[in-house]
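Structure, as structure tokens:
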There are 2 protein chains.
Amino acid sequence: MPTDPAATAPAEPATPELLHQGITFPEGLALDCGAVIAPMTVAYRTYGTLNADHSNAVMVCHALTGDQYVAEPHPITGKPGWWEAVVGPGKPVDTDRFFVICANVLGGCMGSSGPREEKPGAGGQPWGTDFPSITIRDMVRAQKMLVDRLGIARLLAVIGGSMGGMQVLEWAATFPDMVFAAAPIATAPHHSAQNIAFDEVGRAAIHADPDWMAGRYWEDGRIPARGLSVARMMAHITYLSEQALSRKFGRRLRGASALTFLEDVFEVESYLRHQGSTFVNRFDANSYLTITRAMDYFDLSAEHGGNLAAAFKGTRTRFFVASFDSDWLFPTSESRALVRALNAAAANVSFVEIASDKGHDAFLLHEPEFHAALGGFLRGAAERAGL
Amino acid sequence: MPTDPAATAPAEPATPELLHQGITFPEGLALDCGAVIAPMTVAYRTYGTLNADHSNAVMVCHALTGDQYVAEPHPITGKPGWWEAVVGPGKPVDTDRFFVICANVLGGCMGSSGPREEKPGAGGQPWGTDFPSITIRDMVRAQKMLVDRLGIARLLAVIGGSMGGMQVLEWAATFPDMVFAAAPIATAPHHSAQNIAFDEVGRAAIHADPDWMAGRYWEDGRIPARGLSVARMMAHITYLSEQALSRKFGRRLRGASALTFLEDVFEVESYLRHQGSTFVNRFDANSYLTITRAMDYFDLSAEHGGNLAAAFKGTRTRFFVASFDSDWLFPTSESRALVRALNAAAANVSFVEIASDKGHDAFLLHEPEFHAALGGFLRGAAERAGL
């Protein structure tokens, strides 16, 4: 069962039905773009127990469409937490040993300040597209305020995959003394041109939906479900390898006859449509626009004068970099570039490329070799930290 | 200048403004799905001169969004023909020597029978979504009727890339005695699960556009421009390699400031939006749905009892198979599978993988090594054919 060491006031509800645990910071947060979000709320969940000297905390950072419900049923879908394969009692991130924190990212739609939350001083209206442009670093700054508030001076580890991995890198680069160990997984130090292009198509699909209404869909209680669904369907293809798609569906037809004009003749189509339509019930379109932009802006090297190694200069953080060989969205070559930069900074870094044919999604799935490596890294880090 | 040896009546106009050269067959065509399209029109262009014994004809098959305007300005966009790098006087497909034919595919929107053309007996209404499901083999059967009518008993060669290559394979499998040489380029004997999935997202984007109106958009003079544009944008990413996208755009920003909420901050986004918006002016959404379905159905092995080699049993056609090493939509592995099947059928086959970082689009672009190989193959075939 999740436990929470800090007695905090609940955040504003994300939706009328749902109340997320969180902390509201009246002083707010100054963003990279120059705007200030005040007050600012960070919704979060914790698992396990914080030890007496507050030295066993592990921050888990979620990916684009993830949220803080890492290791418990999702409050909207009722499905298991998104990383129950990794986080829990006796799991690689062992909640019998570690105190795990996961915050909904700034700009998200599960209780942290974001486009769906109330805009301060706007008479109860949500931010919508008035929500400022945010960066991965802004997300991490918000998490840092949470960690400070929880009374944790140093995180034993920061862990995350995909966009979660980008946050891990920002944590290590921006707050190096607060990060004893860092595990950026299936990620990259910047978004590639291809990744940006796919994101742009997803955003164009949302903009193309008349129910988007220039971002003010909430005024009429609408959601741009068709556009968001198309964006999700396309993104889902990029999360899977060709092998995974083939194994799951091959070219199997749903009906008896191939030559009809049905809308979902191939099983893969039916599956993708399902992915798209279930997604719109739990995710906010303006959040999707905001967060994909933050990923596209992310360029750790550019933040450090074009020198990626400079981001990690003098670091004492222990790094565990992992990639999956069938991941074509964040290919191993990008993890290798990261490792080279860490080596150039004389960092303590281990790197593993996991053999898997599941594509980018592998980091979320049953991958025993990956789990063993990550668990081993964490146990080693804990030992070095004197736990 | 294009020449046409057959005196034919012009086809029905595809749009009020544009008259395409074509032949209408009153007897029509019986399709794989069981329906009959009668009358059926094949719009086409020719380049070069048919020789006295009609032995120098080369059929060029176009890809998904191509058309019959191979080597002359496009009548709608005014841009150069889509394969002027390959087809023309002194080019690899030398129109000083060969008589080149290219037909708009069945289901297309440039004058051949398709969803935008008038439905027989419907009082002047277009087919729209009443247009039957077609296959790549149906497209080839329609081309075969054209070739018969032109008085050509055997094609010196059938050449095409991508979906054009699928037609090449169908030509060789279905009418082997009519194909002296065949050049399937950047193609595959079936569409992969990933290709089907991308197509499905494109179709979903069109279906999601309220201006699609269940396919009856022509009734109000509308076009589902936003949906078709999103489909095109996404497909365009799959035509390029990550390297090509990076070289073209990298992560360059359009404006001075990165941290705005502009819709086209990155150059790649602006480029993709341009690709999407220009496409809708020349292509019909129902055609896009019809033709992508035909590609998805394509499975030459399944048409021959699950044995791809059986499709080419006893063939005397000379094959030239070409792939591009950065093409991830139709990767070299699929060309290799094709070559293995041709070898198992004891076919005469040469195979070349071209080093290029331009992705699938390479077959349309300036690729001297590819052009030299294709030109050499054609010259050799012509020599063997006694030309």
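Each Cβ is built from the backbone N, Cα and C atoms, and glycine gets one as well.
Automated prediction, rather than curation, is the source of TrEMBL annotations.
Record features, source TrEMBL:
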DOMAIN    B:57-366  domain 'AB hydrolase-1'
ACT_SITE  B:Ser162  active site, nucleophile
BINDING   B:Arg232, B:Asp361  substrate binding site
ACT_SITE  B:Asp327  active site
ACT_SITE  B:His360  active site
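Location within the structure of each feature annotated in TrEMBL.
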residue: B:Ser162; record: active site, nucleophile; DSSP class: coil
residue: B:Arg232; record: substrate binding site; DSSP class: helix
residue: B:Asp327; record: active site; DSSP class: coil
residue: B:His360; record: active site; DSSP class: helix
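Around the Cβ of B:Asp361 (substrate binding site), the same chain contributes B:Tyr239, B:Leu240, B:Ala244, each under 8 angstroms and 6 or more positions distant in sequence. Cα spacing between B:Arg232 (substrate binding site) and B:Asp327 (active site): 18 Å, rounded to the nearest whole number.
Rounded to a whole number, the distance between the Cα atoms of B:His360 (active site) and B:Asp327 (active site) is 4 Å. Cβ neighbour count within 10 Å across all protein chains ranks B:His360 highest among the recorded positions B:Arg232, B:His360. Around the Cβ of B:Ser162 (active site, nucleophile), 27 further Cβ atoms fall within 10 Å across all displayed protein chains. Distance from the CA of the residue listed as 'active site, nucleophile' to the CA of B:His360 (active site) is 8 Å. Neighbour count (other Cβ atoms within 10 Å of the Cβ, all protein chains): 28 for B:Asp327 (active site).
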